[in-house]
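**Q** This is the structure I have questions about; it appears just below.
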Amino acid sequence: MAEAVETMDGWYCLHDFRVMDWTSWKLASVDERQAAIEEFQNWLSNMEQVEEANKGSQLAYKIIGHKADVMFMIMRPTMDELQEIETTFDKTKLASYMTKSFSYLSVVELSKYMSKPGVDIEQKPEVQARLKPILPRWDYMCFYPMDKRRMNEDNWYSLEKDARSKLMYEHSKTGRKYAGQIKQIITGSFGFDDWEWGVTLFAHDPLPIKKLVYEMRFDEVSARYGEFGDFYFGNILTIEAASDYFHI
Ligand code: VOV
């Protein structure tokens, strides 16, 4: 049996995708819409205080295309907090004009492929900062879930750990070419959701995201073992911009 790699796990993460019912939103009165927008802005700004206390992080995004209108990426130390935040939003006025189109539950994960045997790096401040990241206020975000294939001779989970480490090293070399252009947060979702990982990429410009995902397709770990779910792409929805975004 192949040896599993040890993982370090940080904040729990919910990607919560909603579709807006613009028709009923347009039929609502100006006062109703204004009250709903203000309530939404308060919901977001209340959570910012949690971020200032370094007890979690969250951002909202406008999703481009048919799959969703908005997405909230919410990270907290406990699953209970995620569940409470989701339900609190469900009870808002704005939520009554939305339906959930997709969600993804995971936990920030760093696998120990790159760490030296016998060296416990988990408590290092820089590792803790990656396990409990403050989400970058960068303009663009791409999310997609993925698996590592388990099929016949292309079974990632029956590869010896050394072989997997070598493939992950090649993977990281490709990723590092985009340092400064792209920040990635990989979240593990074994037992939490339908895929094995969530991939969330942040960038100041859309194109490096396409370039990175395309180039990674040629790395053996993605070429032979990568299986991907739906892709979601959007740009950041700040509290200030919410009025314009929802304005009719
Ligand atoms: C943006 C750049 C970038 C960089 C620098 C990077 C580096 C690294 C390192 C160093 C490591 C291992 C240690 C750790 O730190 O966890 C990983 C780990 C992982 N990655 Fe990665 N990855 C990137 C980016 C990046 C992308 C774009 C994808 C999606 C792949 C694609 O084809 O669409 C991805 C996937 C993963 C996954 C699923 C894992 C866990 C695999 C496992 O089996 O455990 N990743 N990744």
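Backbone N, Cα and C define each Cβ position, glycine as well.
Here's the feature list from TrEMBL:
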ACT_SITE  Tyr144  active site
BINDING   Arg130, Tyr144, Pro145, Met146, Asp147, Lys148, His171, Gln184, Ser222  Fe-coproporphyrin III binding site
**Q** Validating a neighbour-count step here. Other CB atoms within 10 A of the CB of Ser222 (Fe-coproporphyrin III binding site): how many?
**A** 20
**Q** Checking proximity to ligand 1 here: which recorded positions out of Arg130, Tyr144, Pro145, Ser222 have their Cβ closer than 6 Å to it?
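**A** If the test is a Cβ under 6 Å from any atom of ligand 1, the answer is Ser222.
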**Q** Same chain only, sequence gap of 6 or more: which residues have a CB within under 8 Å of the CB of Tyr144 (active site)?
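**A** When sequence neighbours closer than 6 are ignored, Tyr144 (active site) has Gly198, Val199, Phe228, Gly229, Asp230, Phe231, Tyr232 within Cβ distance under 8 Å.
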**Q** Over all pairs in Arg130, Tyr144, Pro145, Met146, Asp147, Lys148, His171, Gln184, Ser222, the listed Fe-coproporphyrin III binding residues, work out the largest Cα-Cα distance in Å.
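**A** So the binding residues stretch over 23 Å, Cα to Cα.
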